[in-house]
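Data block below; observations after.
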Amino acid sequence: MSMKIGAEKFDERVQEGLSDTFMRGAVSSAQTRFRNGRLNAAEELGGWEEWRNLGEEIRTHTLENIDYYLDLLSEKVAERGGHVYFAQTAEEANNYITNVVKKKEAKKIAKSKSMVSEEIGLNDALKDIGAEVVETDLGEWILQNDDVDPPSHIVTPALHKNREQIREVFHDKLGYSKTDKPEELALFAREKLREEFLDADIGITGCNFAVADTGTVTLVTNEGNARMVTSLPDTQITVMGMERVAPTWNDMEVLVSLLTRAAVGQKLTSYITSLTGVKEEDDVDGPEEFHLVIVDNGRSKILGTEFQSALHCIRCAACINVCPVYRHIGGHAYGSIYPGPIGAVLTPLLGGYEDHKELPYASSLCGACTEACPVKIPLHELLIRHREKIVEEKGEAPVFENISMKAFGMGTASPTMYNIGTKLAPKVMKPMVKDEVISKGVGPLKSWTTARDFPAPGKQRFRDWYKKRQREES
Amino acid sequence: MKVSLFITCLSDIFYGDVGKDTVELLEKLGCDIDFPEAQTCCGQPAYNSGYVSDARKSMKHMIEVFEHADYVVTPSGSCATMFTEYPNVFKGDPKWEDRAIALADKTYELTQFIVHVLQTEDVGAAYHAKATYHTSCHMSRLLNEREAPLKLLEQVEGLELVSLPNAHDCCGFGGTFSVKMPEISEQMVAEKAKHVDEANADILIGADCGCLMNIGGRISRENKPVKVMHIASILNRQG
Ligand code: SF4
């Protein structure tokens, strides 16, 4: 898998999403749960707006000084016996990691959840060299067993599946024979996964935050699987997007506080694992060999542009959890492992407009995402910036739209043109009006009236009424 | 107090009554209405679709049209929001930035103006019905005005306000979104109409003609009896 998922066109994916009532039911109830959880957790903490400001400040400062903090991070990791590798591209990252695997002659790899590893297609690269990879995050494990179904959410990757469907996957692929009760399903997964941990030669993890001034990698999970992945195998490889750095332990704490609350409405998740370097003499566990792979893969091109704030993202999915578009079409429709509002912003930046040009338009610009984001990324504004780029720099807007917007510019900058246009509107629309509404529109009104009626223009424009009234008064 | 009215294109062409009610209401509250005839559109349809240079043309025009005003008042949370965005659009432009800021600073959505500037919550209106209120996205999230319309509605004699389930959800209008992504927009407005149904009210009130056109259009398509009204028309109803 890489960042892009599925080969169908955007419209087809949307149709598929819209007609999947199971998925829509699952997504809608999860959204309600997550949203309420976030609001309650924020209220309980108090001063949420100040926390958000602090989060924004930390992220802005970090990204403005990203070179410095990445240098510091790699220096500290090296001091504690770890190896650091900067990968410009997905390929470089995969090559480095597969080389480590080959050198260790590792057969089995236990992996905890990592979006960036999906982005670079790491599992496929590992498979190509004959290594067996086991996803240990429950959601990822379900998807892996379902013929590598792509994730549809960045925190709960199997959100699109309900428990009957999960039971089916377990039953068909793993011989599970019990019910679809969540506890029974989880117990089954736990038992199966435990065997895998013990067998694994290498553990691969993602990274929520890497603390620059101590060289610490922090992982936030609810299942404790990341802890197993980092403590049982002898070798640990951590893959991180280059923006995932936090200057100090204190900054990391603020970001974790925002993350767990914004993501799932928890004060803390069940497990927060912070790991510094390799196992030392007095340590009971930890890896003997540690590699930190820092992935660029298009990120540094975003630095210094109007999109820089997209790199502030802490992958909490709060924006996804409030997005009404996501609710109806689901994650797969975005055609990227990064769905929802942040996906619509980030995917075209990392993967180009060519493959993802519809995404910036998949939003009513309602601003729910911007309001929810714990680090205050102006998501809806960034979507407008994308549209601006598509229209004005790439000139890729549809011809009809282009003409009407040019007409709009002329018509609204000149009162005379506006006057003519608005006077004309009722005449143009008149033939379509029936019982005071338009139920079957033509041209641009057609798609509007498939779903709803359009009002007939008033008999008199407001401005004509107003003029007449003034004349009568004087 | 002199108030310059920005009527918005939707209200000018489709919802003249909203304009009339706005004028009469403000006059009742002691304002002198000024209606600059050269006004056109705030530029939002083009701006939000990415046609920023085309949008700038109408924005500059609007800045000039309202330059003389003390207060600019508009019966639309969304169009008011667009005016308050002008300073960002013209950031760093030596000729237009200050003028954009001046316009943004004196712009108010209608209910905002009544509550915060006129300092009035009871406008002496009466309307006997059970009503629910649609919180429009731009007004509540971007203009950050959630309270004013409700404060005013609470004072309307005979009006029983009931809550709208999932009121925070967008109705799916989104300007050009509704025609660019019609299938998704349809699902959103259908969901909104369902919630309106669940509220079990006689009327749905809102402060943005765009949303009302969208939700109202759906309600009419579904042949539901709920009446859709702009808040200006409720507040202008005399007891
Ligand atoms: S953009 Fe903001 S809300 Fe969305 S995932 Fe990133 S941090 Fe969370």
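Just so you know, glycine gets a Cβ as well, placed from its N, Cα and C.
As given in TrEMBL:
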- A:Cys313, A:Cys316, A:Cys319, A:Cys373: [4Fe-4S] cluster 1 binding site (BINDING)
- A:Cys323, A:Cys366, A:Cys369: [4Fe-4S] cluster 2 binding site (BINDING)
- A:461-474: compositional bias 'Basic and acidic residues' (COMPBIAS)
- A:72-295: domain 'LUD' (DOMAIN)
- A:310-377: domain '4Fe-4S ferredoxin-type' (DOMAIN)
- A:386-470: domain 'Lactate utilization protein B C-terminal' (DOMAIN)
- A:449-474: region 'Disordered' (REGION)
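Ligand 1 lies under 6 Å from the Cβ of the following binding-site residues, listed in sequence order from A:Cys323, A:Cys366, A:Cys373: A:Cys373. Among the binding-site residues A:Cys313, A:Cys366, A:Cys373, the ones whose Cβ sits under 8 Å from a Cβ of chain B are, in sequence order, A:Cys366. On its own chain, A:Cys319 ([4Fe-4S] cluster 1 binding site) has A:Gly340, A:Pro341, A:Ile342, A:Ala368, A:Cys369, A:Thr370, A:Ala372, A:Cys373, A:Ile377, A:Leu379 as residues at least 6 apart in sequence with a Cβ closer than 8 Å to its own Cβ. Each of the binding-site residues A:Cys313, A:Cys316, A:Cys323, A:Cys369, A:Cys373 was scored by how many other Cβ atoms lie within 10 Å of its Cβ, and the smallest score goes to A:Cys313. Neighbour list (A:Cys366 ([4Fe-4S] cluster 2 binding site), Cβ cut-off 8 Å, at least 6 residues apart, same chain): A:Pro324, A:His380. Helix, strand and coil counts from DSSP across the compositional bias 'Basic and acidic residues' (A:461-474) read 12 helix, 0 strand, 2 coil. Applying DSSP to the domain '4Fe-4S ferredoxin-type' (A:310-377) sorts its residues as follows: 41 helix, 1 strand, 26 coil. For the domain 'Lactate utilization protein B C-terminal' (A:386-470), the predicted model reports an average pLDDT of 82.
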